[in-house]
Amino acid sequence: MWDLREKFERDGFVVVENVFNDQEIDEMKKSISKIVNDMDLAEHPKSVFSTYDEDKHAADSYFLNSSDKIRFFFEEGAVDKDGELTVPKDKALNKIGHGLHFLDPTFEKMTFNSKIQNIFKEIGYQEPGVVQSMYIFKQPKIGGAVTDHVDSTFLRVDPIDHLTGVWIAIDEASVENGCLSFIPGSHKDTSSANYRFVRTHDTSGGALLKFIGTRPTYDQSKFQHVPISKGSLILIHGLVVHKSEANTSEKSRHAYTIHVMERKNTKWSEQNWLQETENYKFPDLYKD
């Protein structure tokens, strides 16, 4: 991995091939299947996740309070106007978040894995803390697009470049099923981070979250598709611009993602939607 850091610093992302073997991928799939099968729909609001609707999560305490829980977010195309599912629940989910990495033994094992630890040592992280995890389904036919964005819009640290995402392909990710696309080198322009998703701290029944600043626009011709094989991962700088198209294929595009901050000499913004709780302090990625 001698050139991993060089590519990461140049492009703002880097593909690391074949990090997880078939057995490990199968373990994660089986674990998520059990979590979904055990979910009682009556106990969870059918919260629809959308990157297009800026007001969607504004009053959604179910989302806001999910940092130390395993919670379920549905595809727009899977819930009808009466709030009923139009497909089986295992085909209806957009994602599960945001505490899989410490609440589920399988995902904890895969997160605090020597292979992940070595990657972060390679890019120079000294005190990495895992702030969140998500399992993303990108369902066949209804898996929604994720609009162009930078992760630092949603998770802000100071210094601003002390945040990195890890995107693990549970299925092969191709152009057909909605692989990620990036603008190489876009992490060097910090102006994208002026647009932020923040807590309002409102206690009067108003919006709990809001976007501030002007939403940036990007030259769509600069995006490059980055297809990757099952078991490989993409390391994603917090300021690199990326997106994914809708999955209109017959194939699923599952992924497991985590976000990691360099805690050394770094401040976590009190405005971030995701915060530590009494039950959850960002765990050390390098823990034994």
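Even glycines carry a Cβ here, placed using N, Cα and C.
The structure displayed is predicted, hence computed values, not measured ones.
Look at Swiss-Prot and you will find Lys95, Met134, His149, Val150, Asp151, Trp167, Ser244, Arg253 tagged as 2-oxoglutarate binding site, backed by similarity to another entry. Annotation note: His149 (2-oxoglutarate binding site) sits in a strand segment as assigned by DSSP.
Per Swiss-Prot, Fe cation binding site is recorded for His149, Asp151, His242, and the stated evidence type is similarity to another entry. Secondary structure at His242 (Fe cation binding site), as computed by DSSP, is strand. Within the same chain, residues at least 6 positions away in sequence whose Cβ sits under 8 Å from that of His242 (Fe cation binding site) are Phe13, Asp148, His149, Val150, Leu180, Ser181, Phe182, Ile183, Ile236.
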Largest inter-residue Cα distance among Lys95, Met134, His149, Val150, Asp151, Trp167, Ser244, Arg253 [record-listed 2-oxoglutarate binders, Å]: 21
Neighbourhood of Met134 (2-oxoglutarate binding site) by C-beta distance under 8 A, where only residues 6 or more apart in the same chain count: Lys95, Ile96, Gly97, His98, Leu100, Tyr256, Thr257, Ile258
